[in-house]
Each structure stands twice: as C-alpha cells, then as structure tokens.
Amino acid sequence: MVAAPCARRLARRSHSALLAALTVLLLQTLVVWNFSSLDSGAGERRGGAAVGGGEQPPPAPAPRRERRDLPAEPAAARGGGGGGGGGGGGRGPQARARGGGPGEPRGQQPASRGALPARALDPHPSPLITLETQDGYFSHRPKEKVRTDSNNENSVPKDFENVDNSNFAPRTQKQKHQPELAKKPPSRQKELLKRKLEQQEKGKGHTFPGKGPGEVLPPGDRAAANSSHGKDVSRPPHARKTGGSSPETKYDQPPKCDISGKEAISALSRAKSKHCRQEIGETYCRHKLGLLMPEKVTRFCPLEGKANKNVQWDEDSVEYMPANPVRIAFVLVVHGRASRQLQRMFKAIYHKDHFYYIHVDKRSNYLHRQVLQVSRQYSNVRVTPWRMATIWGGASLLSTYLQSMRDLLEMTDWPWDFFINLSAADYPIRTNDQLVAFLSRYRDMNFLKSHGRDNARFIRKQGLDRLFLECDAHMWRLGDRRIPEGIAVDGGSDWFLLNRRFVEYVTFSTDDLVTKMKQFYSYTLLPAESFFHTVLENSPHCDTMVDNNLRITNWNRKLGCKCQYKHIVDWCGCSPNDFKPQDFHRFQQTARPTFFARKFEAVVNQEIIGQLDYYLYGNYPAGTPGLRSYWENVYDEPDGIHSLSDVTLTLYHSFARLGLRRAETSLHTDGENSCRYYPMGHPASVHLYFLADRFQGFLIKHHATNLAVSKLETLETWVMPKKVFKIASPPSDFGRLQFSEVGTDWDAKERLFRNFGGLLGPMDEPVGMQKWGKGPNVTVTVIWVDPVNVIAATYDILIESTAEFTHYKPPLNLPLRPGVWTVKILHHWVPVAETKFLVAPLTFSNRQPIKPEEALKLHNGPLRNAYMEQSFQSLNPVLSLPINPAQVEQARRNAASTGTALEGWLDSLVGGMWTAMDICATGPTACPVMQTCSQTAWSSFSPDPKSELGAVKPDGRLR
C-alpha cells in the first residue's frame, strides 16, 4: 500500500525528466539547424546569380590589394540595378548588385594614406557593379581575327544563335531593378528569380495578362494589357515616361481570322497607331490563310549551283581610258543633317559624264533643302520628287531602290550604264578614272557581295524564314514562314553595283521569279541585303554575278553588334564603325578591286576623310582656310521650334544672351549704346563646331535689337563648354583614370555621347562614362552629388585590366534638381578625380514660357529628396559634403521662380559652365568694332572650301 504511491511519484518524476531532456535536445537541434541554414544561405547567396535579369559572367579575379569583402545579402538595390547602362540603349554595364540595404555589414578594407575611415561606410554600403569588358558589355563570342581584306558585310551578328532576337512582351532588356525580390526571404529569392527566368524563356510573347502563348484572342475584341511592351514590367518610380496604357486594339474592320501567334499578339499590343494595328492584323490573317507568301518560284538560271565570275584588278589598266567609257548613275540615299560631309563626298565623286539621283529621308527636311540647292547648280543632279522614311532593316529601303531604278530608266536623257548606291557616310578610295576604266572592262557584270557562309545558317541569321511588316517606323515580327521552293536564296551586303540590263530586268520583268520575289521581300527584314542577290542568282543573268561589291566596310563586331536597333526592329542587328586615321592603310591594299569605303563621320573623325581626299586628289594650297574645321547644323529656322526640345530651346536662348553680354562687356564703350543689344525672338540656327576633331561648342545665330539705333541685327555667338574634369589634388597613386564625362545618348559603338555639349534638363537620365588606361584590375567608387550636396547615388565598379571605357546610368528618381552636379571617383575611398555637369532649369514647357506650377514641379528635385529608395545621407560627413540650410532654402526659392528671375538663375548657371568665346554680325551692324562673320575662322559663315561646290573644271570634275 505504501509502495504504490512512491512508485507513481517516481514514474511522474521520470516522465518530467524525459520531457525536459527531449525539450533540451529539440532546442539544441533547432539552434544547430538555424546556424547551418544561415551558413548555407549565405554561401548560396554569395554564389547565386545577380538580380537584374540575364546571365551574369563571373568577375575576373582582382589583385589581393583590390579585393573587397562582399556583403552576404544580394538585395536588388536600386543603386546597383543591372539595366541602366548605355546611352538610352538599355545595354549598359552587366551589373551585379551586392548589398544596398541599410544596416547590412560590409567588409573592412585596409586603410591607405588619406583614405576615408571604413567604419563610417558600414551603414550604407555601395552596390558593386562589375563591368566585365572594356565597354561594360559581356560577349560570349570568341574573338575575331581582324582581316584588312575582309568584306563580310552582313548587318546581323555572326553569333546570332546566342542572341535573343525577340522583342515580345516586356522587351528583353535587363530590368533596372526588382524591388520585390529585395524584400523576399533569401531562401525564396533564388527560387523566384529562377521561376522568372523560366517564364521569360517560355513565354516572351505573353503580352496579355492571363493569356498563354497558344491562346487565341477573338477577332475584333483584343484589348491590350495595361502595360506597354516598350516598357519594363516593373517600371521604377523614377521613370520619366509614364506612357500610360497600351493602346486598345481596335480595327476599322475586324481581322478575318483568330490572331493566335505570340509574335503577332505582341506586335498588336506594341503598335501605336490604329492604322498599323489594322495592317498587322490583315497581314497576319492573309499569311495564315496562305494568301500572302509564294510557295514555289521558277528558277530561270541555266547553271547548276552558284555562279561567280572572277575579276582581276590591274593598276596599269587605268592608264588608258577606254574608247567607250561607261556612265554611272549614282543613287545617294541620305538622311540626317551632315550636309557639309555630304557635299564633300559629292564633290569627290562628281564628274560631268555621270548622273546623280538623290533621295533624302522624309524626316530630314533641313538636308532636303540643302540638296535641292545643289541640284539647281548642276544639270546632271536630280532629287527624287517623292520621299520615304527609311529605317534600318526596313522594307522601305528596298522600295526606295526599286522606285529609283524605275525613275532612272524612265529618264531618257540620262544614258547610264551602271547603278551604284551610296550614302553620305561613304567616300571614294580610288579616282573616277580608275572606277570608269574598271567598269568599262567588266560592263556586263553585276557586283554584289555574298554572305560566304552556309545557306541554311544565313537564312536563319537573316530572319528570312520569319514574316516581318513595316509600319509606324518599326519592323514587326509576325511569325514564321517557309522559303519558296524551286530557288536558291542568297544574300550579303546591301551595297552593290548593277548594270543596266539587270536593272531593267528587275524593274520591268513580269516573270514568275521577279513578281514573286518582290512579294516575298515586301515582308522581309533587311530585304536589300538579299533581294538582288536572290533574283540575280536565279535569273537568266546569273552568269554575270561577281562576288565583290567593290567596297571596304569597317566592321568591328565587338563594338558594332550590340543589338542597338531593337527599338525599331524585332531582331538583332549590327552597324559598321567609323574609320579612323589608323585605318588608312586598308585603303591602299590591292589584293582585290575596291573603290568605295564606309563608314565615315566627320563629327567622329574628319582627319581620315582629309587624308583620303588628299591621297586621291592632292593637298589644297597652303593657307586654305577651314581644312581642320567642321560645322554641322542641329537647328534651322524653317524647321520650326517644335523640332526642338524644351531643354535645347532653353539653353539656346541662354547662349544667345551670354553672347550679348560679351558684346556689351568687351565691345561697348562708356557713353555709347552702339554695341548693346536686346534679344529678340527664337534662335535662327544652331551649329556644332569642331576644330581638329575636338568639339568646340555651339554657334547660335540669333536676332537682337541694337539699342543705339533701335534696328534689328542678326548675330552669331560662339559658346564653348568649360573644362569640368579635374584630377584630385594632391593626385592619388591611382593612375588608370584618363577622363570622365556625364551626358546622354551614349554611343557604345563609337564610344562618345551623341548629345554634344551634354545639354541636360530635370527629366533627363544621365549616363556616367569613364575612360581608362591599361593596368591591374581595380575597383573604384563613383558618387553622384546634387547641387545642394544630397548624395543621389553611389556604386562601385570593377575595372578589368584591359578595360578602355565603362559607362553606367544610375536609376535616379526624377526630376533632377537643377544646378551643377558633381560626380566623384574614388579608389579605396581616396579621391581620384571628379567631373561636373549642368542640369538646366527650363524656361520653356512645350515650347511656351513655363508656368509657375510647372516650374515648381520640375525644379524642386525628387519627392522627399529621394533619388533612390536607399539613402546615402550618412556619407555626407564622411565625404565632407555638408548640407547648408541656406543653400537648400535658396534652391527652394529658385524652384518657384519664373520670368526674368528664372532667366537670371539659368544664365548664372550657364555662365559658370560655358564661355562666350566670340560674337559676330552676319550682316550690317551699328557696332563699329563688331567683326563680320564671314571674316572669322570659327563662324558657320566663314569659308569652307573643302565642302563648297563651285563651277565644273575643264576635266569635268569639281575636286
């Protein structure tokens, strides 16, 4: 009886002890599991792919003294998002964001002399942006051997299999950031990224929410999704163009079929105009019903395989002009505003025995006016009475050539023998006599450059097995198609020399081959690169084909094949580079006959054009003016101010006022008003001015009232940007940085900013560029500081030993605060250099004087001074950048200013960054010491003999 309760108590105690032991064991297991999870998670995050989309290459190992401990958290911070680089092209540095969230630890670095303390940097680490190659662009293709005699002129990358050639759904650009991923638990982040990439691979055509790639939208009831396909899926709040919803897909007449192809659905959602969407629907349905593309085409060539005549180049053959020399019809297809370069090229190719037919792009009205003046000077020069808006890769270019051929054949007073197409970026590399002698010897031949690779690969690479449609100045990819049976498809370069017999055949023949090929190539990408080749190879004239277009093209695919045309073509393409002086030896080769070269661009390098011109025709007399100068118009009064942006209109007005102040201070004498002026109206014209291939500033032609006589005068002001790049003092031990600049419209191919002068406003998205010398791998820190010392962005860039250029566009919230910004570059947090750029306050909005509410909205900086989601405020004391309350208050008052107060603020900023170098009068002036523009060396009215066209010389030439 007594033993039983004791036994029960003992059992209860044992049970309690067992529970306690199990609890302790469970806690120990939980702790161990947590620590192991943290360790594996950190390892996984350190080795995982970067957020930002796309495949990321591993960074090259840096020297030990440059290595930095990377934070474990790979949050997709806005400061290191991977899609921002490039001058608007969306292909900037391959960025790897590491860190970026407040409170994340950052590895300490060894302190160096003069370095900022690393402890102060811990609360706000900089994201690391790894730039893998010299231009912030990583390519998986093997390096090419540069051959001076290579003339493979296809406009599509050689490694096209590795390139994403779709523009479906959200265009396949890397996302600037994925803020939702940064907030997810680390264990789910990789899974979400993997799922997102799989979805992108599967359904790039998922344009409509809830629709799979194979689902059908009923005709007549296709509303586009709320997000435009030209935008990212998650557009960051700093985005300038809100864009709104995609246009609703409406038709005048519903399509005659169900539009089910993902390419067509994507095109419908992205097309802007109702007419274009109607055309897309009709074209797709006709193709789907088998009514659009020919299935079989007749081959008329009697030869088996591909004919290729060999022609020999004999320098001695040009010593004797043939008895019946050929006469050439030059067809110049030009666009842009480089009228002086065009005139110089025209001067080099002109001969009274040839004919010149010029087509100017429908959008290039200034150039059209200049070309019309040229045509009035010479009877053998005519301008097409019709104009097309040709785009890269578009079917409109082939239409332009075919219509030009028809026009030339109908000109009975022009007895030409050869058709040669040129652009303003071409230049002859041999003389007219040499060209005529060669073509006279081979007058029955046709000269086209073939692709030189296997045909199946060429068809895939060129997209010939895809259906394209041009509308809204865009080439839309609508689906797949079959190559017609019965013919051999060929192609290569779209620059060619064709004899008259073949041009007549292509133009007037109604046989099965020509008729069906015109239909087939009306819906083809880059049709001029294949149409004439294919027709010639399958025609009765097939034995006249020479696999040489007599050109040298400067292909540098490492720089020129970055899919820079995806905003106008649903495909990936290339563009040749401009020639530089170091390329001159290529023009002297004699291995094969070549007579023209491209591309040349005077705003990039005019020296090479001069070298070639002097080589062909001799030097100009000593003392000839303007040989090292180049002027290019960017605005002309007949264009109308609607052709200008508010930023350029604002700054052009300020430049003109800067010139008038120079006239008053340097030309004015006390007691007289003869050199004092009051500005009147908008600028009349604006030119870029270059000297010795260096940008010298803008030339502003403007009207002003002379206060002494109250008469209107026309003046021209030269303004030059001040030097803003500055090496730190005392200089650091780091010597790789050569130059740094900020601007927009970065051209990664030519590695310069196309926005010459860096004219920026509050709604622009600037790009930071750095130029490097050779040296060891290093990591530098870049810091962007606004006019009131708010740190807008900071990030690190890994610079490889062979890097030459890097560029990055930080995703800043807009509007930017107007004023002078500073970009600092540090190495181990030791200042290396800095550069400045101006964000101009706008005096115009929609080309009208800005209203107070608009000014306050644009000029007060971003909401809550937050340029990014992350704050860098703690770096201000570390970088000795105090925020002055009085300066902030003055900025607030400036933001609310309008009228003369706003102009005064703007002009003070412009005067700090630009210098009025000189001013002149284009006509009569009451200012006795004012020089005449035509007598200066810098004015757009000064002599320019190299581009001026005069009377035909006795030898029939102009040059």
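Note: Cβ is positioned from N, Cα and C throughout, glycine not excepted.
What you are looking at is a predicted structure, and each value in this text was computed from that prediction instead of being measured.
Here Swiss-Prot flags Val333, Asp361, Thr390, Ile391, Trp392, Asp494, Trp495, Ser575, Arg598, Lys599 as UDP-alpha-D-xylose binding site. Residues annotated as compositional bias 'Gly residues' in Swiss-Prot: 78-104. The annotation compositional bias 'Basic and acidic residues' is assigned in Swiss-Prot to 145-161, 177-204, 249-259. What Swiss-Prot lists as compositional bias 'Polar residues' is 163-172. What Swiss-Prot lists as disulfide bond is Cys257-Cys285, Cys301-Cys542, Cys561-Cys574, Cys563-Cys572, Cys675-Cys927, Cys920-Cys933, and the listing cites experimental evidence. The topological domain 'Cytoplasmic' annotation in Swiss-Prot covers 1-17 and is backed by sequence analysis. Here Swiss-Prot flags 39-959 as topological domain 'Lumenal'. Among the features that Swiss-Prot reports, transmembrane segment is placed at 18-38.
Positions of Swiss-Prot features highlighted on the structure.
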residue	record	contacts (Cβ under 8 Å, 6+ apart)
Val333	UDP-alpha-D-xylose binding site	His359, Thr390, Leu397, Thr400, Tyr401, Asn421, Leu422, Ser423
Cys542	disulfide bond	Cys301, Pro302, Leu303, Ala307, Leu536
Cys920	disulfide bond	Leu715, Glu716, Met930, Gln931, Thr932, Cys933, Gln935, Thr936, Ser939, Phe941
Maximum Cα-Cα separation in Å among residues Val333, Asp361, Thr390, Ile391, Trp392, Asp494, Trp495, Ser575, Arg598, Lys599, which the record lists as binding UDP-alpha-D-xylose: 19
Sparsest-packed among the disulfide-bonded residues, when each Cβ's other Cβ atoms within 10 Å are tallied, from Cys257, Cys561, Cys563, Cys933: Cys257
Local Cβ density at Cys675 (disulfide bond) - other Cβ atoms counted within 10 Å: 23
Number of other Cβ atoms within 10 Å of the Cβ of Cys572 (disulfide bond) across all protein chains: 25
Listed in sequence order, residues with CB under 8 A of Cys927 (disulfide bond) and six or more positions away: Ala663, Leu667, Ser674, Cys675, Asn706, Ala921
Candidates Cys285, Cys301, Cys574: member of the disulfide-bonded residues with the richest Cβ shell (10 Å): Cys574
Candidates Cys285, Cys563, Cys572, Cys574 (disulfide-bonded residues) - the one closest to Trp495 (UDP-alpha-D-xylose binding site) by CA: Cys574
Entry from the binding-site residues list Trp392, Trp495 having the most other CB atoms no farther than 10 A: Trp495
Whole-number Å value for how far Cys572 (disulfide bond) lies from Cys561 (disulfide bond) (Cα to Cα): 8
Other CB atoms, at most 10 A from the CB of Thr390 (UDP-alpha-D-xylose binding site): 24
Secondary structure at Cys542 (disulfide bond), reduced by DSSP to three states: helix
